[in-house]
Amino acid sequence: MAGREVSHPVSATQRPARRIVLIGPPGAGKGTQAKSISAKLGVPHIATGDIFRNNIARSTPLGIESKSYLDRGELVPDHVTTGMVRQRLAEDDAAAGFLLDGFPRTLSQAEFLAESLGESGTPLDVVLEMSVERGQVLLRLAGRRTCTSCGSSWHVRFNPPIVHGICDHCSSPLERRADDAEDAINRRQDLYAHETAPLLGFYRRQGVLTTIEASGAVEAVTERVLSILTA
C-alpha cells in the first residue's frame, strides 16, 4: 500500500462501515492503536475498561454489580460484561461501525457477540490479531505508567509525558501497575495464550481473522492496520 495517505479520516463515501475487533496480548499496543485507528476511520473506540469505569461512575445496575466483584478481587461474570457491551453497541455512535478493544476475551463472549450482531444483520467485518514477541511485551510493559486519575497510559521510553511522572491530560501523578512486574506479566501472557487460542480458532473458521505484526514504531503498525481496513 505504498503511497497511501493515512493522515486523515476515511470518509463514509470512500468505504463501508467497519465493525472491528482488536485482539492481542497485554503490551501489544492495542489501546494506542485503537485510538488512532478509530479516529482515522471515524468509528468509536469501545474499550471494556472504559465501559466498566463509566458504568461504575454512573452507578448503573450493571456498574454496581461489576463493582461488587471487582471490590472482592473476583472476575466479573460474562453476563455482566456482555450486558454492558450490548448496551454500548446499541448507542447511536456505534450504528455506523465500531472498534472493540478488550472484548471478546473468551469463546463464550465471542459467541455472544456473533449472536448479538447477527440478530441485527451487522456481523463483524474483521478481527485483527496484534502479534508481538514476549520479549518485546516485557520491554513495553516494564516501562509503562498509568494515570491514577484518567487511566491514560504512558511509557518512560516510547511515550513519555512532558513532565516526568505527571499525566499530560489531567496533571495527575502516574504510577506503575503492580501487574506490570515481570512475573505478573508472564502470568498474564500465559493466561492470554490459554484463553485466546479457542477465540482465534473461532474467528479463523468464520474467515474474518487477520494477523498483524505489531512490533516496531507505532506509526508503522498503524499504517499496516489501515492498509488492511481500507483496502
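Cβ atoms here come from the backbone N, Cα and C positions, even for glycine.
A TrEMBL annotation is a machine prediction, not a hand-curated record.
According to TrEMBL, the protein carries these features:
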BINDING   Gly27, Ala28, Gly29, Lys30, Gly31, Thr32, Arg144, Gly216  ATP binding site
BINDING   Thr48, Arg53, Glu74, Leu75, Val76, Gly102, Phe103, Pro104, Arg105, Gln109, Arg177, Arg188  AMP binding site
BINDING   Cys147, Cys150, Cys167, Cys170  Zn(2+) binding site
DOMAIN    144-179  domain 'Adenylate kinase active site lid'
REGION    47-76  region 'NMP'
REGION    143-180  region 'LID'
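TrEMBL feature annotations superimposed on the structure.
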{"residue": "Ala28", "record": "ATP binding site", "CB count, 10 Å": "24"}
{"residue": "Lys30", "record": "ATP binding site", "CB count, 10 Å": "20"}
{"residue": "Gly31", "record": "ATP binding site", "CB count, 10 Å": "19"}
{"residue": "Thr32", "record": "ATP binding site", "CB count, 10 Å": "16"}
{"residue": "Thr48", "record": "AMP binding site", "CB count, 10 Å": "19"}
{"residue": "Glu74", "record": "AMP binding site", "CB count, 10 Å": "9"}
{"residue": "Cys150", "record": "Zn(2+) binding site", "CB count, 10 Å": "12"}
{"residue": "Cys170", "record": "Zn(2+) binding site", "CB count, 10 Å": "12"}
{"residue": "Arg177", "record": "AMP binding site", "CB count, 10 Å": "12"}
{"residue": "Gly216", "record": "ATP binding site", "CB count, 10 Å": "12"}
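Residues listed for AMP, Thr48, Arg53, Glu74, Leu75, Val76, Gly102, Phe103, Pro104, Arg105, Gln109, Arg177, Arg188, cover a largest CA to CA span of 26 Å.
Neighbour count (other Cβ atoms within 10 Å of the Cβ, all protein chains): 25 for Gly29 (ATP binding site).
On the backbone, the CA of Val76 (AMP binding site) and the CA of Gly216 (ATP binding site) stand 34 Å apart.
Of all the binding-site residues listed (Val76, Cys167), Val76 has the fewest other CB atoms within 10 A of its CB. Counted with DSSP, the region 'LID' (143-180) comes out as 3 helix, 12 strand, 23 coil.
Straight-line distance linking the Cα atoms of Gly27 (ATP binding site) and Phe103 (AMP binding site), rounded to a whole number, equals 16 Å.
Across the region 'NMP' (47-76), the prediction's mean pLDDT works out to 90. Cβ neighbour count for Phe103 (AMP binding site) (all protein chains, 10 Å cutoff from its Cβ): 24. Ranking the binding-site residues Gly29, Gly31, Thr32, Cys150, Cys167 by the distance of their Cα atoms from the Cα of Phe103 (AMP binding site) places Gly31 first.
A separation of roughly 22 Å, to the nearest angstrom, links the Cα atoms of Cys170 (Zn(2+) binding site) and Lys30 (ATP binding site).
Note on the region 'NMP' (47-76): DSSP counts are 21 helix, 1 strand, 8 coil.
If you take the Cα of Gly31 (ATP binding site) and the Cα of Thr48 (AMP binding site), they are about 11 angstrom apart, rounded to a whole number. Reported as a whole number, the C-alpha separation between Arg177 (AMP binding site) and Arg144 (ATP binding site) equals 8 Å.
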